[in-house]
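J.: This is the structure, below, for whatever I ask next.
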């Protein structure tokens, strides 16, 4: 592929929380913005303000005080196609400033995505945006590429969904994939709830964004939850303060680690599921006995919800406790893991061997949207 931006492939990782988009071959996404579509709650009264009927991404975020914010992607799966189209339109025309009809486009999807969902994505890309070629790749597999491996088990935890995906020699093993509908957004909700216990009230969609910021800046994973709780109760050494947009300062203590602890103990938010360490172990146990050793030695973390300080050590401790005692266990936590899905997509789309994998407009016209199941696995 040429080096100029004229025919370069585009890579768009549509997460539940953030859209990461850019050009194949780059080492980081050029555009990262929230997957939000906002609509005004009030009637416009000033003439000539050029008010729009909807706002996308950062613009929606900055005007959140007067908007109702909606996320079109829930639990990694697109639920609102009209809003999703707005997000893609915004990605191509406003963020990347490209004409989609000139660029092959690589999209990502959650593992175990419904079939109808992939078809609809394919259809919108070819019929609404007229892309010349496209491909849909599984997010966790791309994260593994980004870490330079072809075998390993990926814990991909984003804003909407968490997966354990074992990959062997580049193939995801679908029977062993574990999906957990517990991720960053649920942790934000839980933090909103436990802050209410302290007497701080966060209710609106705009206030939720403030809590998300508190979570990202102050939360961490405790190595030993009970010990940490005791420390928090007996001293104020773990307390941190945070200034709200209106200048009010709030203090948070054990909430800092109680919030992400939910990943290991989903019962905190009333979920019956096993924690992320157990789902990782269960996923490995569903794989062939001969490849387990390779999976234990290559636990790759990916996604924004794995960015908490202390999470790798805690995973190491928990999986070591579950695994056979002689097993070598390694948790790989790349520093750029927030964007590793996108980076993997960028690597994949710029490989010369990948160029015959694209679904072309011609193939789509001949076979229709179902072509995606034949060409993208």
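In case you wondered, yes, glycine gets a Cβ from its N, Cα and C as well.
Annotations per Swiss-Prot:
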type    : residues : note
MOD_RES : 2        : N-acetylcysteine
MOD_RES : 3        : N-acetylaspartate
MOD_RES : 46       : methionine (R)-sulfoxide
MOD_RES : 49       : methionine (R)-sulfoxide
MOD_RES : 75       : tele-methylhistidine
MOD_RES : 86       : N6-methyllysine
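Tell me about the setting of these features in this model.
T.: Around the Cβ of residue 75 (tele-methylhistidine), the number of neighbouring Cβ atoms within 10 Å comes to 19.
Contacts of residue 86 (N6-methyllysine) defined by a Cβ separation under 8 A and a same-chain sequence distance of 6+ are given as 37, 54, 56, in order along the sequence. Secondary structure at residue 86 (N6-methyllysine), as computed by DSSP, is helix.
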